[in-house]
Amino acid sequence: MTDKLIIFDTTLRDGEQSPGASMTKEEKIRIAKNLERMKVDVIEAGFAASSNGDFDAIHTIAGLVKDSTICSLARANDKDIQRAADALKPANSFRIHTFIATSPLHMEKKLRMTPDQVFEQARLAVRFARKFTDNVEFSPEDGSRSDMDFLCRVLEAVIAEGATTINIADTVGYGVPELYGNLVKTLRERIPNSDKAIFSVHCHNDLGMAVANSLAGVKIGGARQVECTINGLGERAGNTSLEEIVMAVKTRKDYFGLDVGIDTSQIVPTSKLVSQITGFVVQPNKAVVGANAFAHASGIHQDGVLKARDTYEIMRAEDVGWTANKIVLGKLSGRNAFKQRLQELGVSLDSEAELNAAFMRFKDLADRKAEIFDEDIIAIVSEESALAQEQEHFKFVSLSQRSETGEQPQAKVVFAVEGKEVTGEARGNGPVDATFNAIEGEVGSGSELLLYSVNAITTGTQAQGEVTVRLSKSGRIVNGVGTDPDIVAASAKAYISALNKLHSKDDKVNPQRS
């Protein structure tokens, strides 16, 4: 009988800790729904004690997602654990994930606690969490740099208190595959009650080995849960990539001998959604989800693939959700045809109002752009869904601009502030700079522009531009995304989207730095 590997996604918690990747509640909900559609086993929806916003997001997701276990992180104290339990109350199935650092460096320098104090706090935290659920996970933070004897002592105690998952964290990406795999193996062999818990791996990519370490923890160590994120999103160099773990285990089932319950056809759509929301573009040569992942430039490779796909392809692009980017609709296409194509693409909208708004956007685009591709439709729906859920303190209305050779461009932007239209006019070093100056002249946000990037959604000069804007103010970093065939209009939409998030986003506590 084949074992099952549990996929624990922490995009909404650890992934969001990547600078600039912060998400609104509405964005977290959209990603959580996609993760559920993908059949992810456990979704770590956030860190309930970090902010009221995170608590609310976890609470809402817990009520909406029915087929995945919802999890909240909590430090090893009663206050955090109580907050997590309260946030998770609406869930069909939930888990409390509590942690404390166990390495000598962290205990001395960060916690300023003795090993005995850490031992006792870990034990009591799990005992308290068990009052709310029998599904409790414990992580020894910086486990890969912890003393083996002490680690065994702590883990034996928390399992005795009722921890059902033990997660070995390679917090700073220090591990290498053979050593990390043997660490998990040794723990399972030395801890007398290790059979009472599932062992899990959580690796960071600082040395580029997060996926390799995780797979070693599974193959060598016998771990049966992998903690990972979509696109490998995460602090510093990122986390273990969900798509790489899943496809490695599925493609090399002959070696790993494990099943995963993931619907792999949802991998690419979810990857694109996370990229669009966070503004973190997926590198073209990224395994599984990169644009070049299934591209063959070499003539020899192309010839081989045409004769027999398995000569150079070990996976099928369609199995992970890649679809041919074909022309599907035009300006004469009706609402039913639009709705049917959305269903074929696996795209869903929450209401008829959102569908109607997206269809109107499609008709407007079809009048301006001769050829409408699947990617155009996905971009329209994604932005419309975001707009429907975004708290629109500011709303883009229109844009006009004037530019002559030898003179600074001038932009005129009309937008609404709490329903009241205002007009900003300004010059700048280029049309985008002038547009941003016009908006800032009326808003006066005092924010700093950290990132401006443009991505063509399809090919050709009529392609829609997808613009990402990243703003920072008082330590908060937010992203805004806008799409339009007019790059400057897309830029204005993205800037206003970022301002809306800056206006509504609350501060959060980073669990590793508090």
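Using N, Cα and C of the backbone, Cβ positions are placed for all residues, glycine too.
As written in Swiss-Prot, here are the features:
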| type | residues | note |
| --- | --- | --- |
| DOMAIN | 5-268 | domain 'Pyruvate carboxyltransferase' |
| BINDING | Asp14, His202, His204, Asn239 | Mn(2+) binding site |
| REGION | 395-514 | region 'Regulatory domain' |
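Location within the structure of each feature annotated in Swiss-Prot.
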residue	record	Cβ contacts under 8 Å, 6 or more apart
Asp14	Mn(2+) binding site	Glu44, Glu227, Thr229, Gly234, Glu235, Asn239
His202	Mn(2+) binding site	Thr10, Ser139, Asn167, Ile168, Ala169, Asp170, Thr171, Glu227, Asn239, Thr240
His204	Mn(2+) binding site	Asp170, Thr171, Val172, Gly173, Ala210, Gly234, Glu235, Arg236, Ala237, Gly238, Asn239, Thr240
#### Entry: Residue distribution over DSSP helix, strand and coil in the region 'Regulatory domain' (395-514)
34 helix, 51 strand, 35 coil
### Query
Taking the centroid of the Cβ atoms of Asp14, His202, His204, Asn239 (Mn(2+) site), which other same-chain residues have Cβ within 8 Å of it?
Thr10, Ala169, Thr171, Cys203, Ala210, Glu227, Cys228, Thr229, Gly234, Glu235, Gly238, Thr240
### For Asp14 (Mn(2+) binding site): DSSP state (helix, strand, coil)
coil
### Query
When a 10 Å sphere is centred on the Cβ of Asn239 (Mn(2+) binding site), how many other Cβ atoms does it contain?
30
### Message
Mean pLDDT for the domain 'Pyruvate carboxyltransferase' (5-268), rounded to an integer?
### Response
96
